[in-house]
Amino acid sequence: MVNIDDIQAFCFDLDGTIYLGHELLPGVKEMMEWMNVHNKKTLFITNSSTQTRAECHEKLKLLGIHTKIDNIFTSAYMSALYFSSKYPDATVYIVGEKALESELKQLSLKITKAPLEASHILVGLDRSFTYETLNEAVKAVRGGADLIVTNPDPICPVPDGFILDTLAIARAIEVASEKEIYEIIGKPSTFYGEQILEQLKVDPSRCLVIGDRLETDILLGKNKQMPTCLVLTGVTKQEDIQNKNIQPDIIIENLKML
């Protein structure tokens, strides 16, 4: 049983947990106020690759949530950290939106527009994805580039349902190139989990991961021995939890119940 009073740090997913579209979800404002009063550490951890940390920071601010930019992790930022720490000399071909390029440039990583020059291809969500984009990406992978994926989400929740996410694109490249994905950076990866614990500097048992997806948020916590809380405000519904190997420590309708 998780005692909320014993938790020192709270890691919140964003889409489907804190907000949906441009609306805060129930209980979020009260939860943030409670954490401020009790001096709890907060980290916002999203698998979004279409927003920079600065853009997420601005969106949270507009919604009335005030935090430091260092308390926001996105899969775009995590991908930049990944290359900076593991492959600093990489030449990266990007399939994705402006946020990916921006975060890589922030860390002075080399980006190419020529697929056959790439040592790695980084794939994120691209809402303008075309046949030509797919063709160029497959050229890069068949030419020897390792296929790196920002996050393993096949869909992303939006107010009227969902949209296709990164994995749908990455699988198309994987199939056409006949070369498996080399690494996935976003939740629930070991790399993402390590960065969380390094940032928070608390014992994993006192860090609660809160999110709406079993295969990313909850598995991330389980992999790092952190307690977990599933909210039913996003992609996962009560009936989805039955007979699943991944089970959260807490299940709530929304953050009001925490």
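Cβ from N, Cα, C; glycine included.
Per TrEMBL, these features apply:
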- D13: active site, nucleophile (ACT_SITE)
- D15: active site, proton donor (ACT_SITE)
- D13, D15, D212: Mg(2+) binding site (BINDING)
- K187: substrate binding site (BINDING)
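Excluding D13, D15, D212 themselves, the residues of that chain whose CB lies within 8 A of the CB mean position for the Mg(2+) site are, in sequence, L14, G16, T17, I18, T46, P157, G211, R213, D217, V231, T233, G234, V235. Nearest in space to the residue listed as 'substrate binding site', taking C-alpha to C-alpha distance over the recorded positions D13, D15, D212, is D13.
Across the structure, D212 (Mg(2+) binding site) and D13 (active site, nucleophile) place their CA atoms 7 angstrom apart.
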